[in-house]
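Peer 1: Submitted below is the structure of interest, expressed as structure tokens.
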Ligand code: AMP
């Protein structure tokens, strides 16, 4: 039986794909097509023969997927020989409707379309990816895996905002949370590394990439998470503000005459580390700090302070914590972020081992042996998780 799944992550002007062996997680090929609809495109494809590049213009998502299929034909591996089991699509927003992956049909496309107002930046692009993949792979089962699904276990007291109740009932305004496939993957890995059953462990997981969020995971179920109705709430991110007094919006509108769209754009793409220090790439931020840049230093401190506040809050939510897990680009690679955000929490049983933290070993353990709370560094793998969930669904 073949276990290969083509995982597609369609953005507004990009299409990312990975061909994953769902059992082992091996990515036998992957690629990225960028600048769709612009005058010059850019495609990379990595297969058995190494990486190839091309800069032909790509007019649409359909052309992008055709270019990916061509790359498989020219550079391998052959999709025909592999006999794909399914196509798995990352879909950002599943609203309150989807707590699990779903087989895609016309009704599902209509339902995801209805959710566009909740995720106007993401769901339309995800839908475009689904539509073209259904056209180009008409005989393959296609599965939608939602970023929000893992957090559908949040209890009402965690997902309800204290606003007029009809906002939730009539407009779906509540916390949904995101990065769900990452949490699902990392929580499973953490339990394995602790040698415990996932159902028995309490975890605080910190997904720190370009987008950043935290989740409290109790027995494998998300009980609290920092992103909200949209991915804007919570931790400081590369370009997003995270938590902010909601009255700032009114102030900017009244005092500066800004439109809602201008405010939205400023908070989503000009804030966070970029807004504070002019730089959203964490490696570049570290370089600026190293050269004595005061703004970069402040940005780093705001970023870590926010993480610490969430760790404390989620500790309180969970009552007991077996492990704190760092994942995604910054979480996995920045020893300084881990050390600074957990500094001073020794009374909570959190003790980093500086030598382990500086260069985590394969087991990912960076806390001391006698610490009550294990601190783990675990690389996330959202593509593998999507492939696994898609295969599980189509195999029944
Ligand atoms: P992700 O969204 O998971 O790909 O993470 C992207 C973020 O991780 C960017 O801010 C990168 O600068 C950051 N990152 C990647 N590698 C490193 C590294 N070695 N040290 C610090 N930050 C890193």
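Even glycines carry a Cβ here, placed using N, Cα and C.
TrEMBL labels come from automatic prediction, so no person has curated them.
The annotation Mg(2+) binding site is assigned in TrEMBL to 9, 382. As annotated by TrEMBL, ATP binding site applies to 16, 207, 208, 209, 210, 211, 281, 282, 283. Residues or ranges marked as substrate binding site by TrEMBL: 90. The active site, proton donor/acceptor annotation in TrEMBL covers 147. Annotation comment: TrEMBL describes 179, 240 as site 'Transition state stabilizer'.
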Peer 1: For 147, 281, 382, listed as recorded positions, tell me which one has the smallest number of other Cβ atoms within 10 Å.
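Peer 2: Minimum Cβ neighbour count within 10 Å, taken over the recorded positions 147, 281, 382, occurs at 281.
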Peer 1: To the nearest whole angstrom, state the Cα distance for the pair residue 208 (ATP binding site) and residue 90 (substrate binding site).
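Peer 2: Cα to Cα, residue 208 (ATP binding site) and residue 90 (substrate binding site) are separated by 19 Å.
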Peer 1: From the recorded positions listed here (9, 90, 147, 179, 208, 240), select those whose CB sits under 6 A from an atom of ligand 1.
Peer 2: none
Peer 1: Whole-number Å only: compute the distance from the Cα of residue 9 (Mg(2+) binding site) to the Cα of residue 16 (ATP binding site).
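Peer 2: It is 5 Å, counting Cα to Cα.
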Peer 1: Would you mind sorting out which of 16, 90, 240 (the recorded positions) have a C-alpha within 10 A of the one on residue 382 (Mg(2+) binding site)?
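Peer 2: Checking each Cα against residue 382 (Mg(2+) binding site), the hits are 90.
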Peer 1: Among residues 16, 207, 208, 209, 210, 211, 281, 282, 283 annotated as binding ATP, what is the maximum Cα-Cα distance? Answer in Å.
Peer 2: 23
Peer 1: Can you tell me which of the recorded positions 16, 90, 147 is spatially closest to residue 179 (site 'Transition state stabilizer')? Compare CA atoms only.
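Peer 2: Spatially nearest to residue 179 (site 'Transition state stabilizer') by Cα position is 147.
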Peer 1: Let me make sure I understand the structure: which of the recorded positions listed (90, 179, 240) has the fewest other Cβ atoms within 10 A of its Cβ?
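Peer 2: Among the recorded positions 90, 179, 240, the lowest count of other Cβ atoms within 10 Å belongs to 90.
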Peer 1: Under DSSP, is residue 9 (Mg(2+) binding site) helix, strand or coil?
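Peer 2: It is in a strand.
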Peer 1: Using DSSP reduced to three states, classify residue 382 (Mg(2+) binding site) as helix, strand or coil.
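Peer 2: Reduced to three states, the DSSP call for residue 382 (Mg(2+) binding site) is helix.
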Peer 1: These are the binding-site residues: 9, 210. Which one scores highest on other Cβ atoms within 10 Å?
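Peer 2: Within the set of binding-site residues, the most crowded position is 9.
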Peer 1: For the binding-site residues 16, 283, which Cβ has the most other Cβ atoms within 10 Å, all shown protein chains included?
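Peer 2: It comes out as 16.
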